[in-house]
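A.B. asks: One structure is given below, represented as structure tokens, and several questions about it will come after.
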Amino acid sequence: VCNFMSHEKCLKNVKIPCSCIAPSLVRVPVAHCFGPPGHYKRKFCTVCRKSLESPAFRCEVCELHVHTDCILFACSDCRQCHQDGHQDHDTYHHHWREGNLSSSARCEVCKKTCGSSEVLSGMRCEWCGILAHAACYVIVTPECTFGRLRNMILPPSCVQLFSRNFSKLHCFRISENLQTESDEDDDVDGSTQGSAKDVQISTDSSKQTLKIFDGNDAVKRNQFRLISVPRIAKNEEVVVRYLVKVNIPVNEAQRRRLTFTQQALLSDDVINRNDAAEDSNLGAVFRESVPEAWIIRARPKDKEVIRIYPAWLKVGMAYVSLRVNKDSTAQTVIKEVLPLLGRQTESLQNFKLVEVLMGSKQVQRMVLDNQELILNRLKDIRKTSIRQMNQTRFYIVENSKSIVRVNLFVGGLPPQLSPEEYTNILKDELAVKTNVVSVSHVYQAQGAIVLEISCFSEAERIYMLVKDTTVNDKPLNAVVIPEVMASKIPQNCCPLLVFVNPKSGGLKGRDLLYSFRKLLNPHQVFELTNGGPLPGFHTFSKVPSFRVLVCGGDGTVGWVLGALEEIRHKLVCSEPSVAILPLGTGNDLGRVLRWGAGYSGEDPYSILVSVDEADDVLMDRWTILLDAEEPAEGAENGIADPEPPKIVQMNNYCGLGIDAELSLDFHHAREEEPGKFNSRFHNKGVYVKVGLQKISHTRNLHKDIKLQVDQHEVELPSIEGLIFINIPSWGSGADLWGSESDNRFEKPRIDDGLLEVVGVTGVVHMGQVQGGFRSGIRIAQGSYFRVTLLKPIPVQVDGEPWIQAPGQIIISAAGPKVHMLKKSKQKQKK
């Protein structure tokens with residue numbers, strides 16, 4: 001069934017369950033979250049243990065890799081990352097996954113190597129990362145402590161998400177634009193692809209190819225599998241061949257209970273016709289006319305043995321076997337099971353029987369009515385398909401008062417409206433049912449609200465509708481948000497909130513998203529293209545202490561810091577420290593805080609360890625008020641109103657003149673051909689080209705502007721560019737201020753409440769500063785600046801350029817300093 005190989009002498013030590021019985025060992029089934037198919041080198045399929053050469057699927061939350069044909073047989077044993085009201089439990093056990101380890105992996109128990117790049121071998125816990133041999137992992141204590149990153153991981157028992165109708169991709173906010181059409185009907189794909197090999201074999205005249213339908217469900221959907229068998233094969237042989245192909249374990253006794261019926265033409269009354277055909281059971285398959293299709297299904301019985309799973313009701317017991325007859329109801333089953341679990345004193349009313357269908361992509365639950373006859377239920381499942389019969393199990397569950405509560409974040413609405421106005425917009429655009437939908441939070445400045453919905457189907461309807469809705473020509477966006485139960489978070493735990501901009505840094509962001517979801521709880525990783533930073537901050541608003549990691553360029557860091565500033569008063573932890581993983585082109589802030597010049601593929605695990613060990617530092621932020629006095633150009637007779645004042649936040653630097661002009665030209669070049677700007681090297685080449693065109697500029701910026709520092713006029717030298725710097729790194733790592741000491745000024749720091757003002761005489765001077773041969777012309781240092789523009793001049797703040805009309809520019813300190821994380825110097829102890 002699963003291609004597992006072993007020496008004869010080693011058979012007695014085999015501890016790995018075959019992929020066909022692995023589902024029966026799962027305590028609580030959790031469906032996987034499959035993204036689009038991709039090419040994964042040096043990985044092995046968990047179901048058939050063969051290497052993945054062709055496009056294959058991987059789970060976005062755990063380390064499961066499977067072939068397209070095998071995805072149907074994958075066991076629903078994903079990591080449980082939140083509580084969903086089904087068999088929730090607060091202690092966490094190791095979550096073992098076999099194989100796909102590096103060949104240098106070492107076993108925690110015997111300290112020998114346990115990984116391999118040749119076969120699927122070795123076990124790894126997907127929470128704490130502990131490694132062990134298949135023979136050794138059974139000795140490891142079952143409780144998991146989340147390993148080295150335990151202080152950064154958001155414990156799953158603290159996260160609640162009711163997600164019945166939402167796909168796993170929606171629950172973990174994984175953008176669907178990656179999804180391909182391969183998702184439609186993998187059963188059909190699987191059946192035809194998987195059978196191509198068999199079809200080729202059957203050109204041999206002694207073999208024949210049969211179409212096999214698994215039960216009534218497959219007939220309705222016209223989904224079959226092709227198998228190739230010898231022409232003289234008995235029916236029983238065909239059944240065995242088919243069951244092995246679809247990963248169903250059977251012994252002799254079970255095999256006798258399967259009927260195999262022949263169908264010449266598939267028509268509507270196929271079911272009736274088949275029941276009569278059961279006497280043809282023992283003849284050879286080959287007849288004069290080869291039948292077009294065969295249907296395989298299980299025979300109904302008067303007595304059954306069923307397994308009842310207790311989940312967390314009794315630890316150490318996988319399931320209880322129980323004999324049922326035609327009179328057994330759900331209630332009588334509960335009555336018989338309770339004494340076996342040591343719960344005989346408790347009332348039957350406190351428990352219910354739940355039927356669970358364990359699909360790899362979706363786990364479906366149905367509570368059985370107390371009077372429902374168990375055998376009738378089994379009969380229906382049998383008729384549907386043998387596969388479903390194999391995937392269905394019964395759980396005994398304690399009745400709990402479960403309240404349905406789905407939180408939906410809706411962004412893109414017009415800002416600064418009252419809660420009533422937002423409710424009216426939703427009524428008009430989405431026809432929301434106000435009896436089950438209420439607005440729980442309003443973010444007026446950002447034009448966003450959080451809805452609390454107490455009905456699954458209404459939540460799903462709104463979610464789907466929002467995507468196609470525009471208000472004032474602006475598309476809305478919706479994000480399913482988990483609820484973090486702050487009271488359950490352990491004392492010393494300071495979870496990390498991760499923001500990734502997948503568009504930064506030549507698309508390295510995609511891989512980082514995947515890695516961080518694996519290493520942490522996926523509910524603490526947010527994609528910035530999906531609703532911006534606000535959904536993340538809202539999710540963490542009740543967490544008493546947390547840190548932030550921003551993966552992106554300086555622009556992304558500014559975006560997150562700006563959002564934090566706006567929402568700070570609504571957070572319990574109002575001053576979280578921010579670490580940076582630089583993915584952009586310049587990355588000046590990343591350089592100053594020692595996170596490096598740009599991410600070049602380091603191990604994401606070691607990045608998280610560095611964030612955990614980083615030091616807390618303070619950094620100034622500045623507010624720039626731009627007040628244009630003259631009307632915008634092109635206004636008739638100059639009577640138009642002047643532009644309203646504009647307020648911009650600044651973290652790194654602000655440039656006027658030549659520096660901003662180059663930035664503006666680069667910006668225009670990027671807008672014309674965005675596809676070319678996907679590497680740092682190319683981006684810098686364009687800067688050089690743009691700069692060479694500006695070499696012959698005259699130096700007269702000082703005639704067009706006036707500068708006042710801390711209420712004193714400052715005379716400007718003959719310069720072409722004026723730059724205000726907050727951090728000692730400018731234009732991809734150059735030191736513009738210079739390192740020599742000067743009695744007139746204090747030594748610059750990022751938290752001294754002062755900005756440094758520097759002049760450059762032109763492109764050549766800027767090039768010399770970049771090369772480290774010269775520094776800029778030091779002009780002033782202060783905490784309050786007023787610049788008067790006498791004509792339109794290019795301005796850029798943290799890399800965002802524009803042309804500013806004549807008027808005033810005022811720069812002053814912005815609110816409290818922000819807490820940043822600076823990578824600590826000491827090397828990691830091995």
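Backbone N, Cα and C atoms are what each Cβ position is placed from, and that goes for glycine too.
As annotated by TrEMBL, domain 'Phorbol-ester/DAG-type' applies to 31-78, 93-144. Residues annotated as region 'Disordered' in TrEMBL: 182-202. TrEMBL lists 190-202 with the feature compositional bias 'Polar residues'. Residues or ranges marked as domain 'Ras-associating' in TrEMBL: 302-401. Annotation source TrEMBL lists domain 'DAGKc' at 491-628.
How buried are the listed features, and what sits near them?
C.D. replies: Averaged over the domain 'Phorbol-ester/DAG-type' (93-144), the predicted model reaches a pLDDT of 89.
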A.B. asks: Which numbers of helix, strand and coil residues does DSSP report for the domain 'Phorbol-ester/DAG-type' (93-144)?
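C.D. replies: Reading the DSSP string over the domain 'Phorbol-ester/DAG-type' (93-144) gives 3 helix, 12 strand, 37 coil.
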A.B. asks: Which one, 31-78, 93-144, 491-628, has the most C-beta pairs under 8 Å toward the domain 'Ras-associating' (302-401)?
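C.D. replies: Most Cβ pairs under 8 Å with the domain 'Ras-associating' (302-401) come from 31-78.
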A.B. asks: Based on DSSP, tally up the residues of the domain 'Phorbol-ester/DAG-type' (31-78) by helix, strand and coil.
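C.D. replies: Each residue of the domain 'Phorbol-ester/DAG-type' (31-78) counted once, the result is 3 helix, 12 strand, 33 coil.
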A.B. asks: For a three-state summary based on DSSP, what are the helix, strand and coil counts in the domain 'Ras-associating' (302-401)?
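C.D. replies: The counts are 31 helix, 33 strand, 36 coil.
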A.B. asks: For the domain 'DAGKc' (491-628), give the DSSP counts of helix residues, strand residues and coil residues.
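C.D. replies: Secondary-structure breakdown of the domain 'DAGKc' (491-628): 53 helix, 32 strand, 53 coil.
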